[in-house]
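The structure under discussion appears below in the form of structure tokens.
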């Protein structure tokens, strides 16, 4: 990480940090004062989105159902598949809490980031000790993508939207598959709500 001067904040993001076993220890050894922001969304939707992303790069992969289940007839979920494993947030948080107290974390709701981007960004600014500069006047909802976009930043002529890989239509997944995954995640979600003191409303 680059050196940070007084009055500066250095930020970095990588989705895999939260689920990488070695990451908490390495970040702790770098700086135990690091503030950690984790964006989470319904793990079922997250798994389908993950699959959609992979499918766009490799259209020959097996169906979502084939990858999600070890045994479809018994309903046994394959937790070795990364798309499923990543959504077991309580397990990953357990690993982080061995190094960082809960006060160092801000958990941002992926759903609220879409429905109320300014509200979630307000929480982020408060957590980082910043003045609330980003407000609802900075966002508009893009109907085509189904996501909020940033209005034209100063000195730029175009609004800033998420890239082509975001907002893709998801493949149709059988209702029973979704229901089984919801049942699988429910106890992990409940534990995550207890650990964070936040109910994300995924059930």
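Any Cβ shown, glycine's included, is placed from N, Cα and C.
Curation plays no part in TrEMBL annotations; they are all automatic predictions.
Since we're looking at a predicted model, the values are computed, not measured.
Sequence-distant contacts of residue 169 (3'-phosphoadenylyl sulfate binding site), defined as residues of its own chain at least six apart whose C-beta falls under 8 angstroms from its C-beta, comprise 52. TrEMBL lists 41, 49, 166, 167, 168, 169, 170 with the feature 3'-phosphoadenylyl sulfate binding site.
Per TrEMBL, disulfide bond is recorded for 149-161.
The domain 'Sulfotransferase' feature in TrEMBL is assigned to 30-186.
The most densely surrounded of the binding-site residues 41, 170 is 41 (count of other Cβ atoms within 10 A of its Cβ).
Taking all protein chains in view, 16 other C-beta atoms sit within 10 angstroms of the C-beta of residue 161 (disulfide bond). Confidence for the domain 'Sulfotransferase' (30-186), expressed as mean pLDDT, is 89.
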